[in-house]
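Taken verbatim from TrEMBL:
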BINDING   R104, P105, Y106, I121, K123, S131, T173  FAD binding site
DOMAIN    47-156  domain 'FAD-binding FR-type'
SIGNAL    1-21  signal peptide
Amino acid sequence: MMRLRPILLSITPSILPLTIATSSFSTFPLGPPTSSIVPPGSCQLDETWKACKLTSSKSLTQDTKLLTFSTPDTTSPLNLPTCACILASGGEDPTSDSAAPYVRPYTPVSTNSLSGSFDLIVKEYPTGGLSKYICNMNVGDTLDFKHIPFNVKRQYPFNRTHVAMIAGGTGVTPMIQALHALLGSDEDETKVTLLYGSRRKEDIIARDALEVWERMSGGRLKVVHVLSEEEGDWGGERGHIDKGIIQKYLPGKEQDVEIFVCGPEGMYGSLCGPRGEEGVDGILGEMGYGPDQVVKF
């Protein structure tokens, strides 16, 4: 089955030179931002586990892969609402009583303009049971997926003047999904700022594609990388995303802003409080941002 990728039709050469688009999108094949919005309840995956075949596996960094899985119905898109994730199940969790499979959420970085398959970014963590299992799958192997209503975190349109995003590592994946909708919708004028924390330059996922999206956004998107362990030359921010960096780049609590947060558990604890809690603690809470302004992915 041929995989249909979005085609760049409306971007003029002066905004997105062909040489930039070709080199960057081939390095990380996100393509241009594409809005393909469906309502909740449309997804091919439902609350029962369905086996999906791995059709492609490509290395993005030393420990991160772009994995393509076929949809149950290979003639149709996944039809996942924005913003939402899916659950993956595989391997054997030795910490469970019956060695049950690992279960973890993942957010596709492809859109519903892609028919017959969907793309995931998976980082192989040293202690990550499911991530190790997935990253070592062979093309042709299958993995179980499902989608439940709880996994629909926020619906587009977001109806804010400014959307701020704070991501760490593969926590950038729901931000990519939201950026597809925000930047791919011609009528949307929302400003977007992405604060993206990584260890080193080579760990930044989708760096080239995000740079292209920033250039083609007409000033709507600003991407700020923050590196915690970079020892080489780096003209950007260093350390961790803290109060100083948030004050420097994001709108204040009194403005019409919503902040999306996704990353390691430690990031939630520092910035906004545990993911499962509705209240806002941490740095964002201290700065006065309320529960109606912070979304924990």
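Cβ coordinates come from backbone N, Cα and C, glycine included.
In sequence order, L87, A88, L130, S131 are the residues of the chain that are 6 or more apart from R104 (FAD binding site) and have a CB within less than 8 Å of its CB. The Cβ of K123 (FAD binding site) lies under 8 Å from the Cβ of D63, T64, S131, G169, T170, I205, each on the same chain and at least six residues away in sequence. Spatially close to I121 (FAD binding site) yet at least six residues away along the chain are L60, T64, K65, L66, L67, V109, T170, V172, T173, I205, A206, judged by Cβ distances under 8 angstroms. Neighbours of the FAD site: apart from R104, P105, Y106, I121, K123, S131, T173, residues of the same chain with C-beta atoms within 8 angstroms of the site's C-beta centroid are A88, T107, L120, V122, T170.
Sequence-distant neighbours of Y106 (FAD binding site) (same chain, six or more apart, CB under 8 Å from its CB) are C85, I86, L87, A88, L120, V122, T173, listed in sequence order. Sorting the domain 'FAD-binding FR-type' (47-156) by DSSP state (H, G, I as helix; E, B as strand; all else coil) yields 10 helix, 45 strand, 55 coil.
Among R104, P105, Y106, I121, K123, S131, T173, the residues given in the record as binding FAD, the maximal Cα to Cα distance rounds to 15 Å.
In the predicted model, residues of the domain 'FAD-binding FR-type' (47-156) average a pLDDT of 94. Long-range C-beta contacts of P105 (FAD binding site), restricted to its own chain and to partners at least six residues apart, with a cutoff below 8 Å, comprise C85, I86, L87, A88, N151. Every protein chain shown contributes to the tally, and the Cβ of S131 (FAD binding site) ends up with 23 other Cβ atoms within 10 Å. The 10 Å shell around the Cβ of T173 (FAD binding site) contains 24 further Cβ atoms across the protein chains shown.
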